[in-house]
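**Q** Before I ask anything, let me first share the structure, which is written out below as structure tokens.
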Number of protein chains: 2
Amino acid sequence: MHPETHEYYMQQALKEAQLAFEADEVPVGAVVVLNNKIISRGHNQVELLNDSTAHAEILALTSAYSSLGSKYLPEATLYVTLEPCLMCSGALYWGKIGCIVYGASDEKNGFRKHIKAEQSPFHPKTEIISGILQDECTWLMRNFFQLKR
Amino acid sequence: MHPETHEYYMQQALKEAQLAFEADEVPVGAVVVLNNKIISRGHNQVELLNDSTAHAEILALTSAYSSLGSKYLPEATLYVTLEPCLMCSGALYWGKIGCIVYGASDEKNGFRKHIKAEQSPFHPKTEIISGILQDECTWLMRNFFQLKR
């Protein structure tokens, strides 16, 4: 896989999601990419940290802010295995992220459920790409919740 | 002022907002109250922390989760001087907060701008109260942005 493709970076986000899965966390993973380099990684740690804000995207974003010393990421792309929720969408808005690439859709908690059609939650310049490695991302979630039953 | 009134706790949130103001941060403050006791406080620290997720509500929530060892706050009330943005609304949803009391409205970034009328961003059991000490909360914001011009 070419390291500059969306699939390559989504595979890296899936690796993070797998770490969450193995830790019995809802398996969502994210990476932030700047100039073809991964500058931060995160996976859901809500249970470990006992913190319902500790979603993959929030952890990857705050790690990126910290390592760059900047609170904005207009040149960066966030790859995440699941459609962002409202909280994470809001965080991505404030961070002025350049591009968001997500894998699986989230009918229950994804941003598209709540948002008025004419009111994107994101920064006007943010590009949104969906469905990258959708099957793999969806499979991991389904598998997790099936094991929980 | 009676310590069990909404005005009393909003005054405490305003004290936090004042700390933000003095630090040249957008002046928003929050407190989390459980059983008539303030269990955490937060004020906007986006500039200090170089982190665009460091809103008053997020800091107050994560501090409450940490001190209680719980990721949910169904019995608690969050007082915040400004209408929560989408990110903070999402965080309050995940935290299953019992009640949200806010002061000033936020036409630009408040949750009501983006959300479909039939799709509350909050947990079904979360109560929302607005307009407590609205004038004081609004004045602090206006004053801050006027000084910035």
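For all residues, glycine too, the Cβ spot is worked out from N, Cα and C.
As the structure is a computational prediction, the values presented were derived from the model and not from experiment.
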**Q** Can you match one of A:H55, A:H123 to the Zn(2+) site that TrEMBL gives for A:C85, A:C88?
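**A** Looking at A:H55, A:H123, the one TrEMBL places in the Zn(2+) site next to A:C85, A:C88 is A:H55.
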**Q** Mind telling me which of the binding-site residues A:C85, A:C88 has the densest Cβ neighbourhood, counting other Cβ atoms within 10 Å?
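**A** Highest number of other Cβ atoms within 10 Å: A:C88.
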**Q** According to DSSP, does A:C85 (Zn(2+) binding site) sit in a helix, a strand, or coil?
**A** strand
**Q** Under 8 Å between C-beta atoms and at least six apart in sequence, can you list the same-chain neighbours of A:H55 (Zn(2+) binding site), or say none if there are none?
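**A** Correct list: A:V28, A:G42, A:N44, A:V46, A:C85, A:M87, A:C88.
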**Q** With DSSP, how much of the domain 'CMP/dCMP-type deaminase' (A:4-114) is helix, how much strand and how much coil, in residues?
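**A** Within the domain 'CMP/dCMP-type deaminase' (A:4-114) the tally stands at 47 helix, 27 strand, 37 coil.
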**Q** Report, in sequence order, every one of the recorded positions (A:E57, A:C85, A:C88) having a CB within less than 8 angstroms of a CB belonging to chain B; if no such residue exists, report 'none'.
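**A** So the ones by chain B are A:C85, A:C88.
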**Q** Among all the protein chains here, how many other CB atoms are within 10 A of the CB of A:E57 (active site, proton donor)?
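**A** Neighbour count, Cβ to Cβ under the 10 Å cut-off: 29.
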